[in-house]
Amino acid sequence: MSTVEEQKILIELETMPFIVGPTDNEQERKKQEFDDVTTKKEENANGLSSVKSVMSTMISRKNGISATSGLINFICGMIGPGCFSLAVSFKQAGNGDQSLDYGQMAEAAMLNSYKWAKRHAKLAKIIVNACLLAFQLGVITVFMVFAVEHVIEIWEFIGDSPPPFSKTVMILLYFVPQMLLNFIGHMKLITILCLCGNVIIFGAIILITKELMVHKWYPTWELNTVTGIEGISLAAGALIYSFEGQAMVLPLENSLKHPKDMTGATGVLSTAMNLVTVLYAFLGFFGYVTFGPKVQGSLTLNLPNSILTVSIKGLLVLKIFFGSAIQLFVIVQMLLPSLRALISEDRKVFHRFLPYALRLGLMLISLCLALVVPNLMQIIPLVGITSGLLISLILPSFLDCMVFLPVYKKQGEMFLYYQKLIINVFLFVLGWLFLGSGLYSSIDDIINNDV
């Protein structure tokens with residue numbers, strides 16, 4: 001089924017302006033250049049146009065990356081420290097340039113929807129960007145707690161005794177050099193170091209895999225099969241968080257030379273998600289049957305301390321240290337132009353110190369959250385079950401309805417109308433159920449320190 005209106009909606013969402021970072025005055029936005037935009041329709045056997053075929057042959061970009069490069073980048077972005085927390089999920093539940101801004105996508109979806117929805121387009125943009133901001137700050141918080149817990153492990157190995165400071169003090173001590181690094185505006189060197197950090201992640205995965213294969217396993221009948229709705233909700237939060245590259249989907253799709261390579265059974269998205277899911281299922285299941293009830297917030301914390309494992313932990317801390325700077329840089333670039341627009345250009349001193357004040361403010365928010373929830377087994381589900389669930393399940397199902405339901409109803413395609421409505425309502429309600437129960441369980445664990 002294809003209509004002029006539906007194609008118009010999809011094309012507009014596909015070619016929206018996007019932020020690629022500040023220009024010389026740090027306030028202008030650039031737009032994606034397209035080599036070839038055509039509107040040729042391909043008729044199928046029934047004489048109907050296919051939206052998918054139109055969209056897949058419509059756009060070819062200058063300076064776009066190949067599908068192979070996109071696949072590698074997506075996998076590297078998706079696999080992070082969160083993958084080491086998946087065994088906890090099994091314990092809880094049982095066995096570059098950004099070409100499309102998520103907020104702009106939400107705004108365009110509302111503008112092309114019902115009349116009442118158009119009035120709330122700006123609000124939709126604000127909500128989506130706020131959820132993304134919360135998720136990124138949550139990631140930085142997890143990075144902070146992850147790094148400190150591994151520093152403690154390293155200290156205990158080298159000094160043969162626990163550190164003389166509490167975890168709270170350790171977090172504050174770690175915050176100082178991290179904040180100094182985040183004041184750096186030029187990120188090229190840090191980006192290179194973070195790319196090298198991907199090698200560290202894969203090295204840690206290999207080391208953990210070897211440990212999981214040689215370690216004695218718990219009999220599966222001694223482990224919980226299903227724990228209950230609270231445990232499953234917490235597990236859902238940890239699982240959602242572990243897919244750390246979920247915010248990369250739209251930017252990556254718009255950086256491909258041929259956007260059609262992103263979708264399909266063998267596209268970049270499906271291939272990367274399938275590979276990562278298999279890896280995560282392996283780490284989660286075998287991590288749980290290996291360490292059982294003693295599994296910690298990260299499998300790296302279950303590794304026996306030796307020169308090799310402690311070296312890996314040290315490299316992971318270094319990777320996290322530089323990775324946090326990248327995460328913050330992305331948030332600053334998203335917020336800075338809007339904040340600058342609120343300040344008169346004559347106040348040059350304010351403009352000069354605004355980026356530093358913004359970085360400090362954002363990092364203080366993450367620091368406060370890390371001090372309140374200084375445990376990986378608590379903070380990871382909390383981040384995943386709130387902002388992670390909103391941007392991965394609740395908001396997408398709502399916006400999908402806003403885009404396509406008016407089109408289907410106008411064209412009299414009532415079967416497709418009700419099919420999409422039922423599926424999205426189910427996902428929307430399921431998302432809120434998980435969010436409610438998971439948030440309750442997460443807060444209860446934090447209050448009672450039940451880990």
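Using N, Cα and C of the backbone, Cβ positions are placed for all residues, glycine too.
TrEMBL does not curate its annotations; it predicts them automatically.
Database features (TrEMBL):
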DOMAIN    96-440  domain 'Amino acid transporter transmembrane'
TRANSMEM  126-148  transmembrane segment
TRANSMEM  168-184  transmembrane segment
TRANSMEM  189-209  transmembrane segment
TRANSMEM  221-243  transmembrane segment
TRANSMEM  264-291  transmembrane segment
TRANSMEM  311-332  transmembrane segment
TRANSMEM  353-373  transmembrane segment
TRANSMEM  379-405  transmembrane segment
TRANSMEM  417-435  transmembrane segment
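Pairs of Cβ atoms less than 8 Å apart link the transmembrane segment (168-184) most often to 353-373, out of 126-148, 264-291, 311-332, 353-373, 379-405. Per-stretch counts of Cβ pairs under 8 Å to the transmembrane segment (379-405) identify 417-435 as the leading one among 126-148, 264-291, 311-332, 353-373, 417-435. Counting Cβ pairs closer than 8 Å to the transmembrane segment (311-332), the top stretch among 126-148, 264-291, 353-373 is 126-148.
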